[in-house]
Protein chains: 2
Amino acid sequence: MTTPFASEQEHQPLKVALLGCGNVGSQVARILLQDADSLAARTGARLELIGIAVRRLEAPREVPLPAELFTTDAESLVKEADLVIELLGGIEPARSLIQTAIAHGACVVSANKALLAAEGPALYEQADAAGVQLSYEAAVAGAIPILRPIRDSLSGDKITRVLGIVNGTTNYILDQMDSTGADFATALAEAQRLGYAEADPTADVEGHDAAAKAAILASLSFHTRFALPDVHCEGISSISAADIEAAKEAGLVIKLLAIAEKSQSADGLAGVSVRVHPTLLPREHPLAAVRGAFNAVFIEAEYAGELMFYGQGAGGNPTASAVLGDLVSAARRIVLGGPGRTETTTGQVAALGIDQVQTSYCIGLTVTDQPGVLAQITQIFATHEVSIETMRQTIHHGEAGEPSYAELRIVTHRAVESALASTVQKIRELPVITGVTSVLRVEGI
Amino acid sequence: MTTPFASEQEHQPLKVALLGCGNVGSQVARILLQDADSLAARTGARLELIGIAVRRLEAPREVPLPAELFTTDAESLVKEADLVIELLGGIEPARSLIQTAIAHGACVVSANKALLAAEGPALYEQADAAGVQLSYEAAVAGAIPILRPIRDSLSGDKITRVLGIVNGTTNYILDQMDSTGADFATALAEAQRLGYAEADPTADVEGHDAAAKAAILASLSFHTRFALPDVHCEGISSISAADIEAAKEAGLVIKLLAIAEKSQSADGLAGVSVRVHPTLLPREHPLAAVRGAFNAVFIEAEYAGELMFYGQGAGGNPTASAVLGDLVSAARRIVLGGPGRTETTTGQVAALGIDQVQTSYCIGLTVTDQPGVLAQITQIFATHEVSIETMRQTIHHGEAGEPSYAELRIVTHRAVESALASTVQKIRELPVITGVTSVLRVEGI
């Protein structure tokens, strides 16, 4: 049998440096040691873990690992390595260490979505110039192979839209609210108790984590570099049990989606809208069935049509799976020769601001029950050229002495975000309006 | 901005030969011509379609294409090409033409599952030896990127099980039977009317198409070459409306699954079972929600956990998307240098025969309603060391003059297939048994 892994190449040693030894890093180290033989067989190289850089040598570890592997001198470790796995998170010292690794000719595997969303372009250029591979499958949607399919498998197609559930914490919270009727605070506390949410949950619940992933997904999908400032971001902390209940009644479910889509602004500029916000989805949509802390990415492409990728978005072992996939690919590339390639930037489309996006609103209102109210409201929609798709009115008859009032639920057709926002603003100012109970965007219909 | 596509490399011409111009081929040709500029930008090479080999020049085409591209001399066309797209299907002349292409140093993209399942290993070896790429993403599950994620993204993980809905025709038929209560013949006729099933539906409904895909999935997932004779294959033509109804009542759905799983035979031999058969799945299983002619592949891996890939499994444009993804990847590889790589065979695990597999049966029986019947039946299970998970009995009281009888529905725990089969055989021989109405395997519980 002929294979490119001739015996003299077999078990060529490659030095692996691991930066960080938390939840994911400790599993990566364990698997590198435990599966050494099968990884060598699959890679054509012996992946030698030469050291693990940590901040504190004496910190407790989830997995027993040989003490002699640990070091606090990350800089020296990186300079010796052929392959560097960066699992530190945050901007510094991760960025400097990756730059040192690339400068020394090492391939880099990173799961650092914050760094890549903020500083990715400079790092990709540096890696391309050095002819080394910088891969980061684990940075988006944990174990789910999503970046490689977008970059390679769909490279002959044209992606038109990406909708992703890319934050397990918020999906768990929204799913709990949906299935138990709990309010946000209760569901968050439960998520914290189970370890799905951190003590300070801001990065998750305010959508910052999802926004970093949206920037990375958009960059690969549209062959254009998008960074965090290009991403409009709203979190889920304002979602109420009533919002969830109303969505349920309408056959919808609320999900925090990372969205990147080809779009046209009001003045006809073609571009890409990248945004994260709570979104109403029909319950039959494939993403609606993604429960608990799972992640999924739904892609629409011109030729492939609809695709969905589903799996675990976080956790030590699932994320380690993605890290090791990148590591084995980089090692194979070193063994077989040939340069790596991180991304392409042949698209060069504009990032559209949230104001320019075409979207659809679901607006919940309470109004005084008197003649002419609906006419006043619909007139405002007409003035802003926002067309109403459905309107549902529920009259509440007041008890003795109380005035009666009505609840309105209006779903619009797709319209420019700025027109929708001004419509809502004008409606708020109407004297007959007693409350705007919710304003949520709708997708998937 | 530094990129490996320096200007002197940009638009390096690569000659593309297309073999076959049916449903998929005509869309591939259209996209190659129509998207030439954006493909060049993404690839770093100008993909020049130099010819389309067809059997009959005058055959009608779905898409208008320049007449001068067509030729009946496939052999000469292949010898001129840098990249060959084989969409002929069947063994010959596809095999000889691929061999000629490889011998002339061309990279090959094929969607020919029958050829790859039958003769893949010899072709992969030939391609590896020649240092060219042979890719075949379109051969399994159409537009869904599944082979590349298995081969590359999960290369550092260990896949334990693959369950795939990889034939849209049979999924459409079973879904119709499930949603409308139609019998097999009616649902098949409807599928034929809509173009989902061919006039001779044998390859689809008897599972042969799925079996070829199962062999390819198993080979990549377990780093071991499996061919068609390693695949146990049962189709769906014997599934009755009553089977579907009974499954529904039990909260299950019947799907034709391609299964490849790590397993242990009765005598402790570790190996892989590769099989295609109608399978009962719980309605909550992610694969149960795959409707109509869609495809999906569900993967269980040691570290990643559960993953699912969902999308369109057939059709001109979706399959063309997968073909073009392979083509762009192969072209990038040529532009950037470095050898291709089709598969790895470092696993070398045994293919287990269907007799050796551990599975679980759902058995439907009708029995005469008399004392001691259940004891006789359960005794047979005990003798064969097959343990019963659930048993449900429905007594039908006979009308005037007719004897009463009972329907039994027995779900077993996982047991060796041969023990299950002998149990059913012995039960059939019991005089109290008036009928064995269905025997189906259960997964996903």
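Each Cβ is built from the backbone N, Cα and C atoms, and glycine gets one as well.
Automatic, uncurated: that is what TrEMBL annotation is.
Over in TrEMBL, the protein carries these features:
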BINDING   B:Leu19, B:Gly20, B:Cys21, B:Gly22, B:Asn23, B:Val24, B:Gly25, B:Ser26  NADP(+) binding site
BINDING   B:Lys113  NADPH binding site
BINDING   B:Glu198  L-homoserine binding site
ACT_SITE  B:Lys213  active site, proton donor
DOMAIN    B:362-444  domain 'ACT'
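Everything TrEMBL records as a feature, shown here on the structure.
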residue	record	Cβ contacts under 8 Å, 6 or more apart
B:Leu19	NADP(+) binding site	B:Gly25, B:Ile52, B:Ala53, B:Ala74, B:Leu77, B:Val78, B:Val84, B:Ile85, B:Glu86, B:Leu87, B:Leu88, B:Ala94, B:Leu97
B:Gly20	NADP(+) binding site	B:Ile52, B:Ala53, B:Val54, B:Glu86, B:Leu87, B:Leu88, B:Gly89
B:Gly22	NADP(+) binding site	B:Leu87
B:Asn23	NADP(+) binding site	B:Glu62, B:Gly315, B:Gly316, B:Thr319
B:Val24	NADP(+) binding site	B:Leu87, B:Ala111, B:Ala138, B:Gly316, B:Thr319, B:Ala320, B:Val323
B:Ser26	NADP(+) binding site	B:Arg61, B:Glu62, B:Val63, B:Leu65, B:Gly316
B:Lys113	NADPH binding site	B:Tyr136, B:Ala139, B:Val140, B:Asp209, B:Ala212, B:Lys213, B:Ile216
B:Glu198	L-homoserine binding site	B:Thr169, B:Gln192, B:Asp204
Counts by DSSP class (helix H/G/I, strand E/B, coil) across the domain 'ACT' (B:362-444): 24 helix, 36 strand, 23 coil
Mapped DSSP class for B:Asn23 (NADP(+) binding site), helix or strand or coil: helix
Cβ within 8 Å of the mean position of the Cβ atoms of B:Leu19, B:Gly20, B:Cys21, B:Gly22, B:Asn23, B:Val24, B:Gly25, B:Ser26: remaining residues of the chain near NADP(+): B:Leu18, B:Gln27, B:Val28, B:Ala29, B:Leu87
Stretch-averaged pLDDT - the domain 'ACT' (B:362-444): 86
List of residues, in chain order, with Cβ under 8 A from that of B:Cys21 (NADP(+) binding site) and at least 6 apart: B:Ala29, B:Ile52, B:Val54, B:Ala59, B:Arg61, B:Leu65, B:Phe70, B:Leu87
DSSP three-state assignment for the residue listed as 'L-homoserine binding site': coil
